[in-house]
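If you look up TrEMBL, you'll see 77-98, 104-120, 127-146, 166-192, 199-220, 240-264, 276-297, 334-353, 365-382, 402-423, 459-487 marked as transmembrane segment. Positions annotated as domain 'STAS' by TrEMBL: 515-710.
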Amino acid sequence: MVEPVGNHYVIARPVYSENAFNEEHEKLHRYHKTFWDHLKLYFSCSPQRAKKFALGLFPVISWLPAYRFREWVLNDIISGINTGLVAVLQGLAFALLVNVPPSYGLYAAFFPVLVYFIFGTSRHISVGPFPVLSLMVGGVVTRLVPDNSTGNGNSTNTSAINDERVMVAASVTFLSGVIQLLLGIFQFGFIVIYLSQSLISGFTTAAAIHVLVSQLKFMFQLPVPGFNKPFGIIYTLESLFSQITKANIADLVTSLVVLLIVFVVKEMNDRYKEKLPAPIPIELLVTILAALISYFVNFEEKFEVAVVGKLEEGFHAPVAPDVGILQKCIGDGISIAIVGFAVAFSVAKVYSIKHDYPIDGNQELIAFGLGNIVGGSFKGFASSTALSRSGVQESTGGKTQIAGIISSVIVLVVILAIGFLLAPLQKSVLASLALGNLKGMLLQFKEISILWRKDKYDCVIWVVTFLAAIFLGLDIGLAAAVAFQLLTVVIRSQIPSCTVLANVGRSDIYRNRKDYTDIYEPEGVKIFRCSSPIFFANIEFFREKLITAVGFNPLRVLRKRNKALRKIRKMLKKGELQVTQKGLIYMANPTYESEEELDNNKIEELDQPTIMTDLPIRINWGTDLPPGITVPQVNLHSIILDFSSVSFLDFSAMTVLRKTLKEFVRLDIDIYVAGAYEGLLDKLERSAFFDEEIKPSMFFLTIHDAVLHILLKKDIANSPKLKLAEEKGRSSDCVITPRNGLRSRECTIPTETKF
């Protein structure tokens, strides 16, 4: 019963152990499904499950019939046109990162959008090329098809190199799509949880630096080979600056002017986004202006600048991936698949929360997997979602993936009809546009100071991820970052926070005794909390901290006591000790024996409980012992283990924990476990954890229940009246009531339980 009294509350209930609570409230023994039960359910078939499966696999079926045509169609058209224009330019720009002709970037901006319209669950993300993925694919391309792989650089050899590179990009894209599809089918959408926000932020920031460095060769128009190996970024910069005197000034000036304009206008878009009806399409305006100037001024001949050249019109027939290439880039395919999904899912989750609709991680994997399979078959490269492009689609009023279909129509028009207009466009302009989209990722450097103040582990993860991805490359760097992140989890769980608790404010609240002055610690009681799961990696640390908290090693004390009993038996047998009403009296000078002699090569016997049944008197270890016998004093009679923060306990930890608890019990110290998670008691019973020494009755609902049980037990032991009342069964009705400013138990027993 709970009765509110002002801003206080009064609780009246019995002291509950786990067993007593379960018996009184008739706990149900539920049947827990086994793995085979879940497997049967997963593969079972019914009309309802078939419908649910169809709606899950084809989300478009669920939202398209409910499309509000009059309300949403205009917004989706406007959004689709704006997004499509941005997608065209980003497709051309990001193709430079992949080291393939720009026209193949348009395929990457077209096919995945169509697939995602049918299979995707997010209504707002814009699917297509993403700079980080493009750079990762480009790393594979330059590794398998380096610049000097064939010939002397004539047009025939250049065309052959481009064809090889397109095939590599398409094959690794196809492979990443297959991996994503398989992960989605087998319900592995949860893998994204292993990529923390700090890791993703550090990784994308490093990728932005790689993008910046990779585009410098287009800005300076220098023949810099790709170095897809550890410390490749250093080799690239070395090669770049060794040729800096040969830079094309026209390309450099053009790049800097375009960058300046793009950054200024994007800053205006951010600052005045609430006043502008739509963001200024600066990439489109700059592209049109640069193409016109390059066409009429004839930059290609006058200044020898590199231009996009004629874009291929139409589509290629779908091709199968090269098996030889697939065998060489399995690791890259896995990295690309996971990074692409992680980035896209993170962005989709932001918009799903903002607009209040669900997304399915497994279905997203299937959607992106199929999109990359189709895109790779048509010689596109890996797709995900670009933050800037998705921002355009959402901020310009896009409501559904109808906007995505409209954007793909814009890309289709460029592919089939007007791509030739972009032929005179300088590659340095595309490079600048690619860099202009990195502002958000580069600004993530600000997170370092924020993370340092909030969580130093996350800050270290960010820095290590950034440095690993910078110097080891994006593929190896990602693997190293994930390994380091998991290592920090192991370290944090392997070295958990362990504290000794005390009662605060004379209530039922227990906190770290070092943090408060108004505390109460029951005499002879130690309350120990471990704020972590207990498993094979940290159970020894838990044991050491527990021993430190109680102030003695129970095994050492137990062995000392058993050695003392051996010596007492020998002294009694020799007549050196005599039993009287006052205790043991020394009759002669004792003979001293070494520890080795007392052990008698039977060290395992010293770990057993102390047995005094054969002695004429029970030894009180707290009083003076015969000369020559010393045993450490133990001032505890009870230990309470607070398991409220222990979420699981594995079998290895159970074994060590059971052994440790037995050592305390054999010293006549009562052990209590409070706040154990649901199901732990059943798990321990199934594991044969309990015996004559370790019993289920040691488990209590809360720390306060255990403390009051200990105090009541102590009072009963010290008072004949309380003992008689206990035997008559009148001691169970206890309520918490304030007395003398303290929160204590008041029972129907005719006495007072002091707290």
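The backbone N, Cα and C atoms fix where each Cβ goes, and this holds for glycine too.
If you take every residue in the domain 'STAS' (515-710) and average the pLDDT, you get 85. Against the transmembrane segment (459-487), stretch 127-146 has more CB pairs under 8 A than any other of 77-98, 127-146, 240-264. Counting Cβ pairs closer than 8 Å to the transmembrane segment (240-264), the top stretch among 77-98, 166-192, 199-220 is 199-220.
Panel annotation: around the transmembrane segment (199-220), residues 96-97, 131-132, 135-136, 138, 233, 236-237, 240, 243-244, 247-248, 251-252, 255-256, 306, 339, 342-343, 346, 427-428, 430-432, 434-435, 438, 441-442, 444-445, 447, 461-470, 474, 477-478, 481-482, 485 of the same chain, lying at least six beyond its termini, place a Cβ under 8 Å from a Cβ of the stretch. Taking residue pairs at least 6 apart in sequence, the transmembrane segment (402-423) and the transmembrane segment (166-192) share fewer than three C-beta contacts under 8 angstroms. Among the recorded stretches 77-98, 127-146, 334-353, 402-423, the one sharing the largest number of Cβ pairs closer than 8 Å with the transmembrane segment (276-297) is 77-98. For the transmembrane segment (402-423), the residues of the chain that approach it from at least six positions outside its boundaries are 67, 72-73, 75-77, 79-81, 83-85, 87-88, 91-92, 102-103, 106-107, 109-110, 113-114, 116-117, 126-127, 287, 291, 307-315, 393, judged by C-beta separation under 8 angstroms.
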